[in-house]
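If you check TrEMBL, you get these features:
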- 75-102: domain 'C2H2-type' (DOMAIN)
- 103-131: domain 'C2H2-type' (DOMAIN)
- 132-159: domain 'C2H2-type' (DOMAIN)
- 216-243: domain 'C2H2-type' (DOMAIN)
- 244-271: domain 'C2H2-type' (DOMAIN)
- 300-327: domain 'C2H2-type' (DOMAIN)
- 356-383: domain 'C2H2-type' (DOMAIN)
- 384-411: domain 'C2H2-type' (DOMAIN)
- 468-495: domain 'C2H2-type' (DOMAIN)
- 552-579: domain 'C2H2-type' (DOMAIN)
- 635-662: domain 'C2H2-type' (DOMAIN)
- 663-687: domain 'C2H2-type' (DOMAIN)
């Protein structure tokens, strides 16, 4: 059917154009046009320019060329007043306004074009035709202009210079687009939302927002994208490729633009300036977030509760809180929303989509507001100041919540347990503890969370990401507050002081635990024996004294273990497998925990007691030490009932009942219940 239609078209064209070229088969309506056309094949150019000696196949082409020397542009567009040197250029330009696309890909996809040359180039996509080859690297191109531009990447040549800012470009086309940043010209307009663009290609990509078209699909995960470059960048999340490297600090990036933004950290460049306060920023998104701190005007009041809003749209959405109207429903979980925008954002929980990316560190976010808040971690900007104590905040909502700590106002109350909160958000999260709702699910292990931030942090346990790094010892952390606390091991800062005994602490948690010494509070109770403890970790350790079951046996030596993890670590003693290597001294370890303990030799860091802040090389030593503060003695002698803090102490004691004094002195024949006691005794002989 399609073949017949195309055949009919060709026959019709031949009848209308009786003069045919014997070389390429092209048809013409008059003989003189065929005569001029033949010069393309013969190379004849009888019309020459007196100024630059360039030759042309027709007098009309020469006349048009002469205008490049004289600057004459006699053909003017009646719509936008733009002028052109040739009538054919005006005719092509008019298609921008009329939307006419007379050249159609009839054979394959029926896509339409404004220029015939664009159709010819497009046809090469279907044919796989790349006739232009780079002689340096062998790369092939579908267009000669693209090959020319590519050649300059080898030569370093940049021929086209902007007269205004002196920036240079590898093609005249790129220079033309760049000039529009100075003139403000945006000739391509979207007919749906009237947004304007400097390039036709940008308009085409933009139109996909309205049509929903995502023609570029990832073959690995099936995710679709509006542009080929977005797909290319996405593929690197699967391959791990980061081809763009910073020559200063050697940090690698998946996108060229991310590297460009990163370089501003080293150069100090801040090209985006706030017109209100003249503050400068490294990225446009940082400036956008900052602008919001100046525009706090609220004009639209609610007639019901008198609250005022910055826009009519916000007021309309607010009115639904009075009517409880939620017209937009999620088809997956049936949750209702007041706005279509909220439903769209909610769907990202199910799809995992994170469309907003930080240009500095490439971190991705589900919400634009989350990206704006995150940008403050790079700029350090805290524009919202408390007038009472001078404390600064990155968000207005955080300042509002903070103000209530001065006024003691807690306006949000839980109807179930009567607990009060300083913000609606905190109350919303709290309510989920009553309903059991955990809407945010990990796709790796299916664990569910109350808040999206908790899920984001949890994901780092799967990815191994530790985004917060100490500049002094290079140790990395999952949480920002862990890094803040860690920094105190270097600075010696102890900001928390006990008002009773004036003892100071580096961490608030240490201070809270210490205060229980004075108050006598022991909030953690064992459900088996009723014993109480000051800390949750103490209770956890104590619980182990009740559960002595060991379920995981080693098939080689028959030894049994309480957990699969302990068995896995033990198996490495048989295989001599040491997966975890210290990057500083190359020493190998059987598990990551042993490597972490070893790293303290290099960093000088030691686990500390939160009560007295004494430091230890190992967590196990800290756990034993904590029994001094708790008074816990979990190891009991079955003969006399005496209790001990460690199993080794109990073992030594048992020998006093069994008369097992097995360590004799070779000199005086005296016997001891432990090797340690014998060693001390030997010094009496050696002096």
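Each residue, glycine too, has its Cβ placed from N, Cα and C.
Averaged over the domain 'C2H2-type' (663-687), the predicted model has a pLDDT of 75. Across the domain 'C2H2-type' (468-495), DSSP classifies residues as 12 helix, 4 strand, 12 coil. For the domain 'C2H2-type' (244-271), the DSSP-based tally of helix, strand and coil residues reads 12 helix, 4 strand, 12 coil.
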